[in-house]
Amino acid sequence: MLEVRGVDARYGDAQALWGVAIDVADGEMVCIVGPNGAGKTTLVHTIAGLHPCAAGTITIGGVDIARLPGHRVGDHGVATVPEGRRVFGHMTVRDNLLLGAYRRRARSRYRQTEAEVYQLFPRLQERARQPAGSLSGGEQQMLAIGRALMARPRLLLLDEPSLGLAPVILDEVFHAIAVIAATGVGVLLVEQDVERAMSACSRGYLLLEGRIAAAGTTAQLREDADVRQRVLGG
Amino acid sequence: MIAVQAALTGALIGGLYALMAAGLSVTWGVLRVINLAHFGLILAGAYLTYELVTGWGLDPILTVVVTAPVLFGVGACLQWAYERMNMVEFNSLLVSFGLLMVTIQLATNTWTADFRRLAATENPYATSSLELGRLILPTTTLLAFVIAAVFIGGGHLLLRHTFLGRGMRAFAQDRTVAAAFGIDHRRLGLLVGGAAGASAAVAGMIFTLTNSLTPAVAYEWFGIVFAVVILGGVGNLLGTLVAGVGVGLLSGLVSVIWSPSTEPFVLFLAIILALLWRPHGLFHRRGVA
Amino acid sequence: MTIRKGLSYLAAVTALLAVLAHFHSSVGIAPYSIVLTTTVLFWIAQATSWNLLSGYAGYFSFGQGAYVGVGAYSMAVLTGRHDVGFLWSIPIGGLLGGVLALAVGAVAFRLGSLRGEIFALLTLAVPFLLATFARINMDIDGGQGTVIALPAYPQWVGDAQHMLFYLSLAVAALAVAVALAVHGSRYGHGLAAVHDAEDAAEVLGVPTFRYKMVAIVLGGVLGGMGGAVFAMQIGFVAVESVFGLTIPLFVIVISVLGGRRHWLGPVIGAVLVVVLQDRLSAGGLESLENIVMGALLVGLVIVAPDGLYGRLRARPWLALGAFAVVLIGMSLTGYWAELDALLYAMFAAAIVATLADRFLAQPTPKSPDATFSPTRVAADRSGRTPQPAARAAGAADAGATEVAQLPLLHAAEALPGLAEAAPQAGEARAAEAVVGLGEAAPQAGEARAAEAVVGLGEAAARGRALVSCVGVTRDFGGVRALDGVSLQVFPAEIVGLVGPNGSGKTTLVNLLCGALQPTRGTVAIGGRPIGGLAPHRVAHTGVARTYQIPRPFESMTVRDNVAMAVMFGRTGASLSQARSKAQQHLATVHLGHLADVRPGSLNLHQRQLLEMARAIAAEPVVLLLDEALAGLNPAEIDDAVAVIRRIHATGISIVVVEHLLRVLNQLSTRIVVLDRGAVIADGDPAQVLSDPAVVRAYLGRQRA
């Protein structure tokens, strides 16, 4: 469903991505691993339209979204859970969720989606009227995911969901992500906790200095020399 | 009794300050533009109202039907220009200061510096008043407050309970993430800028209804209106209304307890204390990152 | 240009103007020129004094009218009602202006979180307040306005206009002299640092509060004196003429037009604006004056926000040529008055200078390696390639990994009493191990001696604590960011500070450098409690820090960024001394080859290195590195780690806040783990990283 082909991205003169190509199918969980500074977040931002795509194509269900401005990319079913969660701290939990359904398409069914999100994360319902800034880190992560789900995406981009979270909470979060994928949503996961990412996903890519250095099933990646050396710390 | 009367009148006039502050507060909070030219828009709204009433014989309140759309357009254009020039908060202060000076001078050149006031024949609300026991509330003041409160309250409800409003609040906090959820900053900018323009039209109309008009009056709005903006919390409409009423009430009280002339001092003192004590406004909830 | 030279030029120009005015009829200068020049001088004085705070330090004020008004009313009231002589009234006006400025500054700058915009709005209210005060106070004029009688003056002066001219000239020359002296001085550099990055300036040792106060008071005094003379010039002082917004408008337009970062800027701007204004009134277009000025301001902010000075400086001959051509051309045709010709010539020069860069495009020189390429970063280090920090990132294959010999570190020299230290060539870590040990002689390939010693956990081996936090708690509103944290840092340590996001690491760093005060508990540096000390005082006790997001002084070269820290550091130094010392510190972080570029053309890694160079230039005993490796690629991380080791080898203890555990494991001698504001582990890296509580809170399954 998602096809990224030959994508470059730059910061001024500095090129951060070089001819990146990845695929994600409906309902599939795919991870991107790589050391800090490899360009993982840039890749997520480029797919989400938050960073300009300098070359290449990014298609969702056959539609090229590479040149669309950030606020239009979501029209094609891409939703992002940004690094560091970035929930709207001054707004209530519920307002955060409803914001996720800002788009016309999602807006018409927001009640139904909201109920689904509460089913997935019951804690959010308990805290619906609290300001999002008062939630714990784990709850904020759930909120960020819930907010993205409110957009009724086909593809969910998750950027470092484990950042700063306790393992117990992480189990819960990763379980929820698997549930989401099981409903047919494609998941692209960028994660520093490589072990966890590898065990959650079926396929993965290794990103090194802005290039795809290895690709395959997570089982294959575990055996890859680069992966072992560069990210598994073996 | 005199004190109660003064406090009440002051509080009602505070509604007008709040309405003036509302447009500034929202453009500052949501769009990060400190638009001093907003005072120019209020002035334009006031003079347009004056012209429509004296020249065309319109009911003062009905003039809003004409002035609000006009100033909505002006406000939206202004915002479009700021956006095009990629203004940071600080430069917006400079550019809008320049625009304000241009506006005031244009108003002076067009309408002279003379004071103008709607005659009783043109202003059907000027002579009547509501009496509550020994309290007397002039209809104009009462109307001014009601209109201001309705507008601010409406704006508040819109911000709190609509998708558009949530979009604005989200945009104010984190533009990138807001964009990822489909918020188009250009459209939002035009809308907020336009709405601020329209609110300026209403504020201008109310001012003409209750006061004498001269271009230099725009300067006098500065201190009090910015105090209301900061006290209410930038971007917080309900806070703005409460702060406006509070400031109005305080100045009403001060002017009878001491003298009208001490009013600016007490207000200024209040602003400084508030800044020291609650720099993010009176209603800022702390600890919510 | 040195200050002394500048002042002598200024004196010469002032004397020349005075002589020309005195003999104007003999040299054929029209009397009207003297009137016009007096006006120019008034605006020079105002814009220059405004520029001290608002230009140099970047705190924009809309309140210049307040000082002018106070000066003008001093003149009106003192000469009119109290028979004070006008020569006395001028300094008194200055004094009162200074007192007012002191009051405004004391209120405004006490607000720690005060942002520039709020300051601007606050100053907007001051003239308005004074206007009401004048209106209601019958001892002033009750809003009626006051006529100022022309005072008696000695015969030699000539006529009244000459007297005004000389007074204005004196005030303007004084203002420009002050601005000039400030601009070239240590104080001026401090103000520029406040403009560029106030927080960073403060923690480097710049007393920002005092500096801002001095700037605002100088502005007030000069503004008040100018206002007093202005009162005599206009002859009738009224609330509207001094407390309105016309004065701030003109002052801002003049300074923005001329340029705010140099003392000549307002002078250039004043000449242009006053001639423009004069031509407008000569053409009967007075009513358009504010419109033209307002439009000019809008246009300037968009087209040339930095003002003309910089542009003229870049292309002096082109501008002069355009000026001369237009002036001569128009004079020859004979259709134009001199002043018209002058105005058009000045505009021609300004436009040519401003637009020259657009048409004669000349790429601005860039730093040789302003890219993220690790290979180039590594290769550019004066031909040397740093050895990667052993297995630090365990993963670098870029150009940086080619192993080269690291030059012998001068740890032994840097640390008296460590004479026996004999680090092996190629062993970057040896130096670190040596520090504080005295006789350690680590073998090649085995470099964990320091760690081993610290691992003993005996305070005796560590010496006296450099940093000591006891029971430190910090609340933000209702949220407790730190809860009873006790932490010590001993000489020769590299303490790794880790913890999940929001665990209070940055808060702790802010407490250690004095940027925040603890709610409870004490922080002591070198045994001295720093409670209540301003950050610049804390800096002088020996603490330096870097910021996660680098905050260089953008208007200064890389060298001057570092020189700032030397100048305002513990030892203090003159600018030229500081510059040569800065070069050494830049060499330590391998940025020496970029000393002359501006920080804007550095990449993230280089900006981080600059942060470090600036921090060590303050000659601290403890260096706090706040996520100095965030966002770097593996090769850059290796490079940064090598730099940190070199810094450590000079005898500085280091606290590193970092997420990359592999790096910390290699780099630090001790690791402290924070979780939800409390210390949950503190000790030997290997031990801490395998502690179950740490694993649970932070590491997760990755390491478990």
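Heads up, the Cβ atoms here are built off N, Cα and C, so glycines get one too.
Residues 34-35, 38-39, 41-42, 75, 135, 137, 141-142, 144-149, 151-152, 155, 168, 192, 195-197, 199-200, 202-203, 206-207, 210, 221, 224-226, 228-229, 232-237, 240-241, 243-253, 255-256 of the same chain, all 6+ positions outside the transmembrane segment (B:6-26), place their C-beta atoms under 8 angstroms from a C-beta of that stretch. Feature annotation from TrEMBL assigns transmembrane segment to B:6-26 (among others).
According to TrEMBL, the feature transmembrane segment maps to B:33-50 (among others). Tertiary neighbourhood of the transmembrane segment (B:33-50): same-chain residues 20, 23-24, 27, 60, 63-64, 66-67, 70-71, 74-75, 78-79, 82, 87, 89, 92-93, 96-97, 99-100, 102-104, 107, 110-111, 116, 118, 196-197, 200-205, 207-209, 213, 215, 217-218, 221-222, 225, selected by CB-CB distance under 8 Å and a gap of 6+ residues from either end.
Long-range contacts of the transmembrane segment (B:56-78) within the same chain: residues 23, 35, 37, 41, 44-45, 48-49, 99, 118, 122-125, 143, 147, 190-191, 193-198, 200-202, 204-205, 208-209, each at least 6 residues beyond the stretch ends and with a Cβ under 8 Å from a Cβ of the stretch. Residues annotated as transmembrane segment in TrEMBL: B:56-78 (among others).
Within its own chain, the transmembrane segment (B:90-108) is flanked in space by residues 32-41, 43-44, 47, 78, 82, 215-216, 218, which lie at least six positions past its ends and keep a Cβ under 8 Å from the stretch. Summarising the annotation, TrEMBL assigns transmembrane segment to B:90-108 (among others).
Among the features that TrEMBL reports, transmembrane segment is placed at B:135-159 (among others).
A Cβ distance under 8 Å defines the sequence-distant neighbours of the transmembrane segment (B:188-210), meaning residues of its chain 6+ beyond its ends; these are 13, 16, 19-20, 22-24, 26-27, 30-31, 35, 38, 41-50, 53, 60-61, 63-64, 67-80, 82-83, 118, 123, 125, 140-141, 143-144, 147-148, 151, 155, 164, 167-168, 171, 217. Residues or ranges marked as transmembrane segment by TrEMBL: B:188-210 (among others).
The feature transmembrane segment is assigned by TrEMBL to B:265-283 (among others).
Long-range contacts of the transmembrane segment (B:135-159) within the same chain: residues 4-5, 8-9, 11-16, 18-19, 22, 26, 61, 123, 125-126, 128-129, 165-166, 168-169, 195, 199, 202-203, 206, 209-210, 237-238, 240-241, 244, each at least 6 residues beyond the stretch ends and with a Cβ under 8 Å from a Cβ of the stretch.
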